[in-house]
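S.K.: First the structure, then my questions, so here it is.
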Amino acid sequence: MLLKKKRYMFDERDDNNINSPVAVEPSSNNNKMADTREVRIEEQLKVKIGEAKNLSSRNAANTSCSTQGTRDVYCTIALDQEEICRTPTIERTLTPFFGEEHQFKIPRRFRYLTIYLWDRDMKQDKPIGKIAIKREELHMYNHKDHWFSLRPVDQDSEVQGMVNVEVAFTEAQQTQSLSEGIDLGQHTLRHHQNLPHHSHQQRAHLNDYKENSELSNIQRASAAAASSSSAAMTLKTRAAGLFGHVHHPPSQTQHFPIINTTSTSSDQLSNWKSHGRFVGVTIKVPACVDLAKKQGTCDPFVVCTAHYSNKHQVTRRTKQRKKTVDPEFDEAMYFDLHIDADAGSTNTTGSNKSAGSLESSANKGYSIYPVGGADLVEIVVSVWHDAHGAMSDKVFLGEVRLPMLNKQEQQAVNPSAWYYLQPRSMTHSSRSLNATPRSCATPPGTRLSVDSTIGSLRLNLNYTADHVFPLATYDDLMNLLLESVDQRPITVSAVSILGELVSGKTEVAQPLVRLFTHTERIAPIIKALADHEISHLTDPTTIFRGNTLVSKMMDEAMRLSGLHYLHQTLRPVLSQIVAEKKPCEIDPSKIKDRSAVDTNLHNLQDYVERVFEAITKSADRCPKVLCQIFHDLRECAGEHFPSNREVRYSVVSGFIFLRFFAPAILGPKLFDLTTERLDAQTSRTLTLISKTIQSLGNLVSSRSSQQTCKEEFTVELYKKFCTEQHVDAVKHFLEVISTPSHASSSVHPAAAAATPLEPVLLKEGLMTKYPTSRKRFGRQFKQRHFRLTTHSLSYAKSKGKQPICDIPLQEIASVEQLKDKSFKMQNCFKIVHNDRSLIVQTTNCVEEREWFDLLHKICLMNSIRMQYFHPSAFVSGFYSCCGRSDENSPGCKKVLDKTMDYFQMDLVTALDPALDLQRIHTLIMSNMSVLESLLDPLTYHQSLSQTQHQQHNPLVPLATDLQKHSPQAFAEFKRTIEKLREKAYAIDRDHRDYKQGITRQLKYGSRQAPIGDDNYWHMMRAAGQLNQQHHQQQQHQQQQQQQQQQQLQQFQPQPVLPQMQNVRAYPYQPATSNMNAYCLHNMQYQQQRLPFHQQQQQHHQQLQQQQSQFQPLRSHQLQRHNNNLNNNNCGNGSSSSPSSTTSSVVAAPPSTTSSSQPAPPIY
């Protein structure tokens, strides 16, 4: 389909993600780009925390006692410094093993992924160390385990956020006093030069507020002394100038040059204009964004410090802002670019020197102060938190350094720009603004990876960031994938090719399952893939035992469509097991008291019986789409193995028990079955239950009900459950779930479980509520335990208590995000129901995103959904957004009308086909070289001749098999690959144009590309590399075409010699002594009788006559001869030259028959 192209650009939006690009109308030029309204960035992160090693003990004061004592250790995962999740505490160890896996979507912009390692203490938990990895570097560690060195956590390293700094330079006032000063003399000029200085100094004092306690009494006294001495020197200089001479001590020289009275006035005026144009600079910090919190709060203020070349410092600060991480300041702070030399003797940093020592140090002969005064070197803009009641009255939040040493640096400063806050410099000599801080992420194998005195932590990361275009952009690719359902054989389809192309089957299975579930064709595609896989098996016990594409797609389909069925079945019984914490260990080697084995066995049998009963009685609640898939698998297995009746059960139990129920019992947190932290005893209990349930599922595949036990201590356990009664219950369960209903054809497969018999728990957790409708005294923010089910939203004082409030889902009218300035708190949203509102705050941004998405989908389904709302809270008798005093007044902002055409809005699944298609496109582009190698004949022949290439190209065995058995299927296989390449390159062009458009419109120093990080330069470099890669791809394709032509020319016959024009080649026969047997038609006697020149004329005429007649025949004959030479490995290997052709040719018998025709070439 034809798509209208538009240009994309960055635009700041109301939500937290300021890096969200949106499309705007194209400009006057007709540049075509990918379609339409919006391009969104979907980021997802999976973190596996393994183990830590080489941790120092808590009481380790030196190396000798470093092995004494242990720690209680746990980890937290944070985006910048906002904690997202944490691991359980591993007690009394220095080598903790966590084995935790956390996966979540990233809802906002961040700079660093930070993993903290904590030591739990009675008083306060203390950080042992941390790992900070830049967002741009996360992809370097995907899918592999890496050891990272822990870095110390201090106040200077805990920096985050941005600051907006405005810089304005003040020019010297050039009035009529300038010419008067030139005529009257040197003293008058200096008098007028000192006037701006004192006026600006007076303005600077106005910005010094009462709460500015940085200057001590000594500093104030020294500053006053410097001011009075400067005034005295002005009078002294004026008086001396009247008598014709001026004496300048070294410490009192002026910073402006002395104008010679003997020169002309025009020269003096030009020197004045070219020298010292700027006399001061004004710094203003309008806003800061996303500052770090200290002890859960932030009361920021800004301090500006001017550093001069004589080590003099001038400090200004703003007023404090209360309880906000996004403060705004309106103060302007003024600093002189040049100060007098005597001012350099006063140090405002709090030195304890006396006045005499300062004067003596200023009059030393080896002073390094500049002649004429001191220049401004740099201005440090730092942000601080006012911690009242703490040991330190202020906490460092970050700083920005602005160089001001010379005119070049002053002109390089952006008048208004955003800066990333940087850690505090370790030494005062570090004055470089562009100096990047040392990264805390340490790749393995480097010198820094072993240079760690704190310890190391093993992590496995998987970070994905997809730029998702509107669904219309992927229409061609989606249609190509959907055609796979009807293609036969299935191996020539796009889905099968992707399964063989990508090594990680889970990466390609997940988007494929979600895409085909959205189009209601998941059952047919799994049936086609399963039928092809089962047809190539000879042993029924190995069905779906490997990690093939169809096995992974079945795993994803069960988890996608059957997740809430799993919650209904196992959540109640698992909650009891976690809460009761009964010991169930039956291994004698792991129990100190052997008499407790019988009691533990009884507890374990009771738990297994509960779980088994919950599973077998849940067959009626199995989703219809899963019933249809199980039915198709059973029919395919019965068709290929008709003599084996057990295979009809084992093919279903292999998925539902071995790949669904057993893994969910073993790891309930991975399937969202519980949010509790499991201790070692509970984990061991769940492991034993999972093994038993898996063994019960295997009973239907064996001909006897007694199964061999792998461990001796499980004999008594299996005796109770390996009975005919349990086997019949399992078979009945499998029969029911593999029998589809007749009404399933009219019901959406993904929405089959949307009407459960009892409420399904969607989400629960702790949140802070603020009821705006009630008028009460005291604290209104209260922490409550919220539960969201398919029926209602409720909250109670704690988990398990009676709900205080229960809101039916039908009564929820609107859910919208709030501005952070309403309560000066983050992660808040408003729930409106029955003309009342409830404001809720979550613990972090990820929780806010999950709760908001679920409630927003419910509101989209409600008929009473509101159209307008108030984006702010009703505080102090009015709405801060619109100023209305009536609490029941209609909203002032329209509810976001998000078109969810390509989203399936139900409570079971929320599918996003555009995101899934983008992930598939990313997989295709990452493996494009493998696809193109199959379309290149030269590379394909090399991969066939060398076995090493088959390991790098997984499609070569499939292509060889298709070429051998079915040339038509092989041709269809090539056409599918060409279509995949064509569709992928079309989408890639849209991505390239989009990124180039962003790069052209992005400004360095804006809020989207702040100064102080290399993100902008990475983007610029990436945009340049996109063009370069595009040109390289075109050049590579041209080179491949040239190589193909050269290769084909080598295979084509060489120009035939004049003596060989009528030579016909015949294949080798065993009866013939000469392999190169040619037949020459009556040419020898004519060449012997005719003169040489007549032979040439006659030969030339014959060539012209026979060229059009024998050219096709000659080409066919010579090609068949070359093929025969390749098929026959014996012979003389002799060649005929033009002079010896007549003597080397031997006539072949005309009755010779040709050999079997070889296989046709690929191209």
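A Cβ is built for glycine as well, from the same backbone N, Cα and C atoms used for every other residue.
The structure displayed is predicted, hence computed values, not measured ones.
So Swiss-Prot lists these for the protein:
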DOMAIN    26-148  domain 'C2 1'
DOMAIN    520-737  domain 'Ras-GAP'
REGION    1026-1051  region 'Disordered'
REGION    1091-1163  region 'Disordered'
SITE      Arg545  site 'Arginine finger'
ZN_FING   862-898  zinc finger
S.K.: List, in sequence order, the same-chain residues at least six positions removed whose CB sits under 8 Å from that of Arg545 (site 'Arginine finger')?
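M.R.: Once residues fewer than 6 apart are set aside, Arg545 (site 'Arginine finger') is near Gly654.
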S.K.: With DSSP, how much of the domain 'C2 1' (26-148) is helix, how much strand and how much coil, in residues?
M.R.: 7 helix, 65 strand, 51 coil
S.K.: Looking only at DSSP and grouping its letters into three states, which state does Arg545 (site 'Arginine finger') belong to?
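M.R.: Arg545 (site 'Arginine finger') sits in coil per DSSP, no helix or strand.
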S.K.: I'm checking region-level scores; what's the whole-number mean pLDDT for the zinc finger (862-898)?
M.R.: 60
